[in-house]
Amino acid sequence: MIYSKITGTGSYLPEKILSNLDLEKMFETTDEWITTRTGIKERHIVSAHQYTSDLAVEASKQAIEASGIDSNKIDLIIVATTTPDKIFPSTACIVQTKLGLSLCPAFDIQAVCSGFVYALSVADKFIKTGSAKCVLVIGADTMSRITDYSDRSNAILWGDGGGAVILEASDQPGILSTHIHADGSYEKLLHVPSGVSHQKGKSTIEMQGNQVFKIAVNTLDSIVDETLEMNQLDKSDIDWLVPHQANIRILEATAKKLNMSMDRVIVTIDRHGNTSAASIPLALDTAIREHKIKRGETLLMEAFGGGFTWGSALIKY
Ligand code: COA
């Protein structure tokens, strides 16, 4: 049996911090309102000349170093992002060149906040079929570039960042299962109306926050059941929940579903905000570097995002 094993993680946050107190100066809101409704205290924002690929590259350097691999071993690069540097080439191709990696397939995946779980799922299948042995999987987003800072219920949520993992083929258990889903009929509840081919409407995020909230909680409930059932595991078998960081109240609802105390949930939303595809690898790397998550522990990652898309990954770390 071939498994995909996470052998190194890395993350990167831009220097500039946008705190709730900064937002109080931009529109009518309060630190108290934002903290109570979302759990967010601050988020990092890119500078004018910083791009998604820059965040991805810094996170990847750390992941490569942590894994101890020769970077020439990387035989596939996948970047999950909704905010690519350019329409084309893909951010993955730009990252390949910036890191000076050897020629290998490189492509982007777009599943918004579920992007990292989607990318992990695809990378796992490349490894399980023997098509790749060492994959650089990145989640990176510059959500500030598509945020309307005059829409206060929306602008408070988003942050920028990048996270990366090195996945290597192993005979030791690693990724145990991945589960990905989508339902495009919810497009209008969370979207950027204008794009490349469709050039009508705003080019910033529009969201029906309270509706998204309710559907997210119910959907994450069902993905947790699906993951546990497929692996014939009990809730108590999960050591850590590593969730997409969308809203502390969504995280608390999933923890409750798992009968898990919040100290077994990796929470970075207070410091990072919602960094979309970057949020899970950022949370994972932060928890590993803070010596919370240890080798041999069982991790459940889950995410929900625009599309709607959703998914999970069960991992023996
Ligand atoms: N500061 C102060 N008041 C605000 C505010 C802000 N930043 N944003 C909205 N409000 C006000 C609204 O104007 C409204 O006032 P009213 O009752 O006088 O009309 C009130 O707060 C409630 O607004 P509502 O939009 O219903 O707030 P909410 O409780 O749903 O919270 C979100 C808004 C966005 C925090 C919440 O819906 C949410 O987190 N949803 C999930 C979104 C998400 O995670 N999306 C990404 C998925 S990957």
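Glycine residues also receive a Cβ, built from the backbone N, Cα and C atoms like all the rest.
Positions annotated as domain 'Beta-ketoacyl-[acyl-carrier-protein] synthase III N-terminal' by TrEMBL: 107-184. Annotation comment: TrEMBL describes CYS113, HIS244, ASN274 as active site. What TrEMBL records for 228-317 is domain 'Beta-ketoacyl-[acyl-carrier-protein] synthase III C-terminal'. What TrEMBL lists as region 'ACP-binding' is 245-249.
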Quick check on the region 'ACP-binding' (245-249): DSSP residue counts for helix, strand, coil, in that order please.
2 helix, 0 strand, 3 coil
Three-state composition of the domain 'Beta-ketoacyl-[acyl-carrier-protein] synthase III C-terminal' (228-317), taking helix and strand from DSSP:
37 helix, 22 strand, 31 coil
Can you tell me how many other Cβ atoms are located within 10 Å of the Cβ belonging to ASN274 (active site)?
23
All-chain count of other Cβ atoms within 10 Å of HIS244 (active site):
33
For a three-state summary based on DSSP, what are the helix, strand and coil counts in the domain 'Beta-ketoacyl-[acyl-carrier-protein] synthase III N-terminal' (107-184)?
26 helix, 32 strand, 20 coil
